[in-house]
Amino acid sequence: MPEEGRPCPWVRWSGTAFQRQWPWLLLVVFITVFCCWFHCSGLLSKQQQRLLEHPEPHTAELQLNLTVPRKDPTLRWGAGPALGRSFTHGPELEEGHLRIHQDGLYRLHIQVTLANCSSPGSTLQHRATLAVGICSPAAHGISLLRGRFGQDCTVALQRLTYLVHGDVLCTNLTLPLLPSRNADETFFGVQWICP
């Protein structure tokens, strides 16, 4: 005798039907787990690779290196224990100029105090200029910072700018003015902020 009413909306699995389907179900679960593992391990290795590429931020804090009389407007910088609190991590010094090895956004800062400076100043001091720029490669040559001393004995400048691998930063001070050798009065630095 047939049953009356609505038939059941779902299929009832018999034990033998489940036994036939479970290997396929197990295969789907295995493939899903494998894909998730492969995807996540790829992401982790990329993050680990980034950490290895940038174990610490690229930064440099430099002191003036006046070992010979100035014959051109270029200021030469140095770093290391012999020059006090100066260092380079990432960028390197090349003939007193700073070479960048990592593309990214950098914070540049410089302060130069004139040696034997008097507050009223001379006409030359009023016109004196401190400039920081990219001097190499020549195709990228550009002035990044520029400031006049005017009536002051000190100029301090800073800015954020994008620099690329191979950029060489140069600093110029109007001749024949001499910068102070005091590390608290004359210094130059860069700090890598982000890619």
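Cβ atoms here come from the backbone N, Cα and C positions, even for glycine.
What Swiss-Prot records for this protein:
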- 1-23: topological domain 'Cytoplasmic' (TOPO_DOM)
- 24-44: transmembrane segment (TRANSMEM)
- 45-195: topological domain 'Extracellular' (TOPO_DOM)
- 58-193: domain 'THD' (DOMAIN)
- N65: N-linked glycosylation site (CARBOHYD)
- N116: N-linked glycosylation site (CARBOHYD)
- C117-C153: disulfide bond (DISULFID)
- C135-C170: disulfide bond (DISULFID)
- N172: N-linked glycosylation site (CARBOHYD)
The one of N65, N116, N172 whose CB sees the fewest other CB atoms within 10 Å, among these glycosylation sites: N116
From recorded positions N65, N116, C117, C153, the one whose Cα lies nearest C170 (disulfide bond): N65
By Cα-Cα distance, the member of recorded positions N116, C117, C153, N172 nearest C135 (disulfide bond): N172
Segment confidence, the topological domain 'Cytoplasmic' (1-23), expressed as mean pLDDT: 62
Secondary structure of C135 (disulfide bond) (DSSP, helix/strand/coil): strand
Euclidean distance between Cα atoms of N116 (N-linked glycosylation site) and N65 (N-linked glycosylation site), Å: 18
N116 (N-linked glycosylation site) versus C153 (disulfide bond) - Cα distance in angstrom: 9
All-chain count of other Cβ atoms within 10 Å of C135 (disulfide bond): 18
Distance, N172 (N-linked glycosylation site) to C117 (disulfide bond) (CA atoms, angstrom): 18
